[in-house]
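First the structure, in the form of structure tokens, and then the observations on it.
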Amino acid sequence: MTKYVFVTGGVVSSLGKGIAAASLAAILESRGLKVTLLKLDPYINVDPGTMSPFQHGEVFVTEDGAETDLDLGHYERFISTKMRKANNFTTGQIYESVIRKERRGDYLGKTVQVIPHITNEIQAFIERGAASATCGEPDVAIVEIGGTVGDIESLPFLEAARQMSLRLGRNSACFVHLTLVPYVATAGELKTKPTQHSVQKLREIGILPHVLLCRADRRIPDDESKKISMFSNVPEDAVISVWDADSIYKIPQMLHDQGLDRIICDELKLSPKEADLSMWSELVEKLEHPKHEVTIGMVGKYVDLTESYKSLIEALRHASLHTSTKVNIEYIDSEEIESNGVDSLKHLDAVLVPGGFGRRGTEGKIAAIRYAREAKVPYLGICLGMQLAVIEFARDVVGLKQANSTEFDPDTPERVVALITEWYDREGKVETRTESSDLGGTMRLGSQRCPIKPGTMAEEIYGKDVNERHRHRYEVNNRFVPQLEAGGLIISARTPSEDLPEMMELPRSMHPWFVGVQFHPEFTSTPRDGHPLFKSFVEAALANKQARGAEA
């Protein structure tokens with residue numbers, strides 16, 4: 001039977017519940033247990049797909065095409081279990097499901113209330129999510145409850161967790177509470193009162209945490225841990241210090257060294273083998289002792305909030321681990337390029353344009369792409385970054401001066417990039433879209449496989465075919481492909497059913513490394529293996545740096 005660990009947060013948000021939950025999962029997996037994770041989000045949106053990156057950060061796409069919280073990306077990077085749609089749900093989905101049942105008459109005329117109907121539905125979603133785990137029936141399901149204890153929107157989720165713990169019985173569920181222990185510089189000491197009050201809030205609703213994870217900018221002294229233990233009624237050895245680290249991949253070892261996994265296993269009456277965190281130690285060793293160093297410029301419009309590119313940043317870090325190369329990322333606002341030109345790019349070893357939406361900043365990205373192509377600087381374009389690379393090539397090489405995307409200019413006569421109106425999803429069902437379709441949940445989403453053209457750089461990187469995740473509603477227009485290919489551009493991968501261009505590149509006779517992909521390879525990169533596309537990109541950046549150094 002699956003046992004549950006509920007992870008809650010207190011005092012403030014953004015303390016790192018997702019990293020803590022993923023790190024615990026990684027330790028338990030290293031002990032031979034089958035583990036899955038779920039994220040419960042208390043907002044009323046059905047999913048984060050239409051939320052601003054400035055408010056929510058990255059939208060992580062699962063294999064089965066769900067638009068989910070970025071914490072699911074952390075989960076997949078830390079454990080081997082793949083996430084699915086059932087691993088993330090929101091208040092919006094819960095209420096939508098309950099209202100549908102009420103309309104069907106499932107409640108037989110009863111008054112539908114938060115308790116028991118909403119809380120029962122939350123419990124059903126949790127158990128369904130655990131049961132759908134790709135690892136088979138999990139030994140442990142770690143459930144991260146979003147928001148902060150005390151927030152009104154989190155109360156139904158906390159109440160559902162309390163009821164579920166009671167229903168499952170002793171040794172079947174436990175609670176881990178992550179809280180802040182701030183350092184007050186003027187007083188010169190850590191303050192435990194916010195943690196005490198946060199635990200008090202939990203106890204008011206009937207939840208007694210078994211473990212406290214105390215976030216601070218430094219290790220918490222024993223005297224402070226004893227004080228927290230006494231006032232929160234949590235054993236002293238279960239008051240665990242989680243201090244700031246320069247890499248999230250150090251957190252599993254930090255938690256294991258303080259016995260978190262032992263406490264959880266004892267509470268759940270599990271007796272797995274000892275933890276083997278040698279892989280994490282090796283990763284940290286590689287991270288701290290690179291042999292080379294490169295600087296890659298990421299040109300986008302969300303550069304002031306790097307959470308918008310979380311998986312992409314981590315994918316570059318994974319590539320750095322597997323190429324022994326420290327990757328410095330410079331975030332460059334594409335609107336600044338529009339105003340000031342490309343001088344800010346000239347010291348870079350490579351240029352990357354990530355995915356995005358909307359017209360704002362696109363001409364700056366196109367200018368950056370033009371610079372990378374003409375200066376022979378390695379270039380990687382992802383999703384929108386590929387579409388803009390095709391537009392730049394069409395304008396400046398092929399001579400289609402009005403080339404554009406209908407996303408930015410619906411009336412352009414040279415629709416090099418246009419809305420996809422029909423395609424097959426990963427189950428083989430036909431999806432259709434028009435300009436008037438809803439924005440939410442209407443993109444081409446999820447993992448799709450396509451063959452690669454022999455003799456291309458794409459084949460060198462991936463092999464015979466590619467299976468990556470998508471999140472887009474616009475695509476390179478096949479009508480213009482013959483003109484693009486006549487100019488030298490190579491479409492190196494296409495979908496087998498709809499013949500949609502999935503990858504483009506320039507031949508080495510035109511450029512040493514210039515690749516665009518319509519999919520999002522960052523979603524499948526892990527620290528264990530890295531990703532072949534990002535490894536090749538970092539190697540190209542290093543080769544460019546060394547060539548420029550030799551010329552100098």
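Heads up, the Cβ atoms here are built off N, Cα and C, so glycines get one too.
Remember, it's a predicted structure, so these values are computed and weren't measured experimentally.
Swiss-Prot lists 1-270 with the feature region 'Amidoligase domain'.
Secondary structure at T195 (CTP binding site), taken from DSSP and collapsed to helix, strand or coil, is helix. Residues or ranges marked as CTP binding site by Swiss-Prot: S13, D151, I152, E153, K191, T192, K193, P194, T195, Q196, K227.
What Swiss-Prot lists as UTP binding site is S13, K191, T192, K193, P194, T195, Q196, K227, and the listing cites sequence analysis. Its Cβ taken as reference, K193 (CTP binding site) is surrounded by 13 other Cβ atoms within 10 Å in the chains shown.
Annotation comment: Swiss-Prot describes S14, L15, G16, K17, G18, I19, D71 as ATP binding site. In this view, D71 (ATP binding site) is surrounded by 26 other Cβ atoms within 10 Å of its Cβ, with every protein chain counted.
For D71, E144, the entry in Swiss-Prot reads Mg(2+) binding site, with the evidence type sequence analysis. Following the DSSP three-state reduction, the secondary structure of E144 (Mg(2+) binding site) is strand. Every protein chain shown contributes to the tally, and the Cβ of E144 (Mg(2+) binding site) ends up with 27 other Cβ atoms within 10 Å.
Under 8 Å, Cβ to Cβ, and six or more positions away along its own chain, C383 (active site, nucleophile) finds P354, G355, G356, R471, H472, V517, Q518, F519, H520. As annotated by Swiss-Prot, active site, nucleophile applies to C383.
Residues or ranges marked as active site in Swiss-Prot (evidence: sequence analysis): H520 (among others).
Look at Swiss-Prot and you will find E522 (among others) tagged as active site, backed by sequence analysis. Its Cβ taken as reference, E522 (active site) is surrounded by 27 other Cβ atoms within 10 Å in the chains shown.
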For L15 (ATP binding site), the nonlocal same-chain Cβ neighbours (under 8 Å, six or more residues apart) come out as G9, L178, T179, L180, R215
Span of the recorded UTP site, as the biggest CA-CA distance among S13, K191, T192, K193, P194, T195, Q196, K227 in Å, is 23
Should one count Cβ atoms within 10 Å of each candidate's Cβ, the binding-site residues K17, K227 would be headed by K17
L15 (ATP binding site) falls, by DSSP collapsed to helix, strand or coil, into coil
The rounded CA-CA distance in Å from K17 (ATP binding site) to E144 (Mg(2+) binding site) is 7
